[in-house]
Amino acid sequence: MLILGTSLANQVHASWQTYIMIIIYFTILLFIGYYGYKQATGNLSEFMLGGRSIGPYVTALSAGASDMSGWMIMGLPGSVYSTGLSAMWITIGLSLGAYVNYFVVAPRLRVYTELAGDAITLPDFFKNRLNDHNNYIKIISGLIIVVFFTLYTHSGFVSGGKLFESAFGLNYHWGLLMVAFIVIFYTFFGGYLAVSITDFFQGVIMLIAMVMVPIVALIDLNGIDTFKQVAEMKPTNMNLFKGTTVLGIISLFAWGLGYFGQPHIIVRFMSIKSHKLLPKARRLGISWMVIGLLGAVAVGLTGIAFISERNIKLEDPETLFIVMSQILFHPLVGGFLLAAILAAIMSTISSQLLVTSSSLTEDFYKLIRGEDKAKAHEKEFLMVGRLSVLIVAIVAIWIAWSPNDTILNLVGNAWAGFGAAFSPLVIFSLYWKGLSRTGALAGMITGALVVIIWIVWIKPLASINELFGMYEIIPGFLASVITTYFVSKYTKKPGSFVTHDLDKVKQIVKE
C-alpha cells in the first residue's frame, strides 16, 4: 500500500465487492474486443481506422478518453494536491488547445487524408501531401511515432501498476501485467472499432467518476466552505497565481500547443464518417473535457482537506483519487471508481498501441515489401499490424517494469515530443501552399531533437536559471516553426497539385 498506517490500510484495501466490479468491467472490455474482431477487421484500413465509419459521439468520447489517460484521474489531482490551484493552468491550456484543434485541424484533416491517397496514418498523409517519393518524411515521422509512443504507452502501464498496488495491495508488476493483458487482447483482436467503442464506454465511466468523487467529498467535509478551509491551510492552495511563476504559467498553458500533433487524438478526426459531423463531436467532446478536468481539480483541492482531516499520510500524491474513492464509497461503488481509473489508463494505451502498430505496418513494413506487393497482401499486413501491437506492448512493459518518474512527467515528455515534431507540420500541411519536403523534414527533426536535448541536458540546469526549466514543448515548437518556414522558403516546392488539393479541401470543408 502507498498509505501509511495499518488501520487506514485496512480501510482502503479492496473488498470482494470491488473485485467483482473490476471483473465485470474486464469482461465487458473482452466482449467488445470480440465484437470488434467479428465486425470490422477484414483489412488493414478497417483494423487501423474503422473504415472511416465512426459516428460523432463515439469520435468525441474516444478522442477525449484516449487523450486524458490516467493523467486526468491520477496525475492532475495529485499535482493540484501538491501545488494548489496554480496547477489549473494546464487545464486551461488543454481545453483551449482541444477547442482550437476541432476548428483548425479536424475538418481539413478528415477531408485531406482521404483526398491524399486515402492515408490511414499521419506519416502516410505527410508523404502524399508533399509528394515524397523517397519516403524520407514517412520514415522519420514513423520513427518519431514509434519512439515517443513507446515512452507514452509505458506511462500508461506505470499508472496501471500503481493502481493495483495502491488499491489491491497487489505487487506492482502483477498489476502492470493484468492491465497489459486486457488492453492487448481487445486491441490485438478488435482493432480500431473495438478501441473506439471501449473508449466511448470508458469515457462515460470517467466522467461519472470525476463528478461523483468531489461532490461526495464536499458533502463529507464542510460543503462549499471546504475551499475556504483549504485556503486557510496554505495561501497558495486557492490562488491561481501564487505558488508559481510567469514562466511556470506559460509552461502549463503551452500544453495546448501539443494537440495539433498528437497522432492518437487526430486519428479520431480521420475516422469520423463525415467532416460535417465534427461540430456535434466538438460540442460533446469539449463539454466532456471541461467537466472532467474541473472534476479532477476539485478532487485535488478537496483532497487537501480530506487527507488532513483524516490524518492520512499520503506517500504518493498520484494515488489521491484511489484513497478517496475507497474511503468515501461502498466497495461496489468504489470498484466502479477504480474501473474509471482503469478506463482512463487503458483507453489511452489501446489508442497508442494501435497508432504505433499502424505506423510500423503502413510506414515501415509496407515500404519494405513494396507498394505493388502491398496491395496484394492485405491479410498479411493485417497480421503484421496485430503482431506490431504485441511487440510495442512488450517493449513498453519492459520499460515500465522499473518506474522512476511521475506519470505527469512521463506524459509531458511524450506530449512535447509529438507537439514539437508534428503540430507545426500538421498546420503548415493543411494551410500553407509554400511548404516544401525539405522544410517539413527539417522542421520535424528539429522539433523532436530540441525536445530531447531540452529534457536531457537543458532542464537539469533549471537551478542555475529558471528559463532552463520551461516546458520543453515551447522551445521545440518554436524551433520547428522557424525551421520549417525558412527552409521551405528557400527549397523546392512539391508542385501545382498542392495548390489544387488545398483549394479543393477548402471548398469541401465549406460545403
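Cβ coordinates are placed from backbone N, Cα and C, and glycine is handled just like the others.
Per Swiss-Prot, the features are as follows:
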TRANSMEM  16-36  transmembrane segment
TRANSMEM  54-74  transmembrane segment
TRANSMEM  85-105  transmembrane segment
TRANSMEM  139-159  transmembrane segment
TRANSMEM  175-195  transmembrane segment
TRANSMEM  204-224  transmembrane segment
TRANSMEM  246-266  transmembrane segment
TRANSMEM  286-306  transmembrane segment
TRANSMEM  327-347  transmembrane segment
TRANSMEM  381-401  transmembrane segment
TRANSMEM  410-430  transmembrane segment
TRANSMEM  438-458  transmembrane segment
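Within the same chain, the transmembrane segment (327-347) packs against the transmembrane segment (204-224): three or more Cβ pairs sit under 8 Å, each pair at least 6 residues apart. Proximity of the transmembrane segment (54-74) to the transmembrane segment (381-401) is not established, fewer than 3 Cβ-Cβ distances being under 8 Å for residue pairs spaced 6 or more apart. Between the transmembrane segment (381-401) and the transmembrane segment (175-195) there are at least 3 Cβ pairs closer than 8 Å, counting only pairs 6 or more residues apart in sequence, which means the two stretches are in contact. The stretch from 16-36, 286-306, 410-430 that makes the most Cβ contacts under 8 Å with the transmembrane segment (246-266) is 410-430. By the Cβ criterion (distance under 8 Å, sequence gap of 6 or more), the transmembrane segment (204-224) is not counted as touching the transmembrane segment (175-195), fewer than 3 such pairs being found.
By the Cβ criterion (under 8 Å, sequence separation of 6 or more), the transmembrane segment (286-306) is in contact with the transmembrane segment (85-105), since 3+ such pairs are found.
Simply put, out of 16-36, 85-105, 175-195, 438-458, 438-458 has the most Cβ pairs sitting under 8 Å from the transmembrane segment (410-430).
Residues 26, 29-30, 32-37, 39-41, 46-50, 54, 62, 66, 156-158, 160-165, 168, 271, 342, 345-347, 349-351, 353-354, 385-386, 389-390, 393, 397, 400-401 of the same chain sit 6 or more residues outside the transmembrane segment (175-195) yet have a Cβ under 8 Å from a Cβ within it. Long-range contacts of the transmembrane segment (85-105) within the same chain, counting only residues at least 6 positions beyond its ends with a Cβ under 8 Å from a Cβ of the stretch, are 67, 76, 79, 236-244, 248-249, 252-260, 265-266, 269, 278, 281-282, 285-286, 289-290, 293-294, 296-297, 300-301, 426-427, 430.
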